[in-house]
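S.K.: Not my notes, these are from TrEMBL:
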TRANSMEM  A:23-42  transmembrane segment
TRANSMEM  A:49-73  transmembrane segment
TRANSMEM  A:79-100  transmembrane segment
TRANSMEM  A:112-130  transmembrane segment
TRANSMEM  A:142-166  transmembrane segment
TRANSMEM  A:173-191  transmembrane segment
TRANSMEM  A:211-236  transmembrane segment
């Protein structure tokens with residue numbers, strides 16, 4: 001019995017390590033270069049070294065961090081900053097709703113899922129949605145803990161080091177760094193789609209996002225997300241009904 | 001009470017804790033709560049995935065059209081052209097992510113140094 005328990009723990013640790021290794025992949029390195037850009041942004045805004053590192057670990061969502069720094073630059077009150085960041089982060093709810101059934105094993109405790117949910121952000125979400133189906137259900141939380149915690153800690157280190165070291169990147173290189181994130185999201189999100197409803201939702205979202213940003217800046221992501229997502233789902237359903245009828 | 005309105009050492013951290021952590025993790029916890037109530041193969045999940053994807057796609061669109069940092073000072077046409085070319089290259093290379101990124105970055109940098 002004892003030997004069996006040991007073997008089980010060993011397997012969990014192995015899957016944790018596989019999660020760690022998954023963090024050091026092309027998507028992981030692309031995310032790190034996005035945080036290079038963030039570090040430069042935070043420094044320019046006058047956010048301190050430790051505050052920038054703290055923000056990276058505790059918020060762990062790049063768009064939300066960019067919005068928060070934007071609110072700091074604008075001199076917004078705490079209440080206004082909460083509102084802006086909360087609006088930019090509503091998307092985390094459907095992302096977590098989608099990942100929980102993938103991550104939940106036969107005996108996963110709710111508290112484990114609540115703690116792991118902190119690591120949900122675009123990169124770990126895209127990586128996990130692609131890799132979790134190949135992980136044994138009982139090992140998925142260990143795998144995701146390895147992946148999520150490693151991504152978070154590595155990027156806290158990246159933000160701190162860049163803040164201290166790099167003061168003057170050439171203009172062109174700095175611009176190119178800011179382009180990495182959207183290109184990575186664009187290609188990897190397209191590849192991780194399970195059904196074409198998701199691809200269609202992506203097309204709608206990418207077009208509606210900037211339009212909504214011009215028309216209703218505070219609600220742009222909500223409008224584009226719910227409008228684009230529900231629209232794509234309805235078209236997908238209608239097409240399927242016609243085929244099966 | 002803005003970020004710079006209080007000189008206490010803890011004030012920036014408190015500001016980030018409330019406006020950053022609370023405003024993001026509350027949504028994550030809500031997601032765990034709701035996700036625990038949906039069956040794995042539920043039709044509802046197709047809809048949720050579509051909404052989550054469209055939201056992230058909107059972030060992508062905004063990052064390209066209304067970027068932050070140095071990218072903001074580059075022509076929008078160059079950014080869109082680089083993104084479209086990168087996406088096309090990604091498809092030609094049979095959905096290889098790194099190919100799409102390299103092509104987009106190469107076109108962006110070539111454009112910036114040529115300007």
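Placed from the backbone N, Cα and C atoms, the Cβ positions cover glycine too.
Remember, predicted model here, so these are calculated numbers, not experimental data.
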S.K.: Go through A:23-42, A:49-73, A:142-166, A:211-236 and flag the stretch with the largest number of C-beta pairs under 8 Å relative to the transmembrane segment (A:173-191).
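M.R.: The stretch with the most close Cβ contacts to the transmembrane segment (A:173-191) is A:23-42.
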S.K.: Is the transmembrane segment (A:112-130) in contact with the transmembrane segment (A:23-42), using three or more Cβ pairs under 8 angstroms as the rule and ignoring pairs under 6 apart in sequence?
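M.R.: With 3 or more qualifying Cβ pairs, these stretches touch.
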S.K.: Under 8 Å between C-beta atoms and at least six residues away from its ends: which parts of the chain pack against the transmembrane segment (A:142-166)?
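M.R.: For the transmembrane segment (A:142-166), the nonlocal Cβ contacts are 12-13, 15-24, 28, 31-32, 35-36, 38-40, 42-43, 49, 52-53, 56-57, 60, 103, 116, 118-121, 123-124, 127-128, 131-132, 135.
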S.K.: Within the same chain, where does the transmembrane segment (A:211-236) have neighbours whose Cβ lies under 8 angstroms from its own Cβ atoms, ignoring anything closer than 6 residues to its ends? I mean 6 or more beyond.
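M.R.: Non-local partners: 84, 87-88, 90-91, 94, 195-198, 200-201, 203-205.
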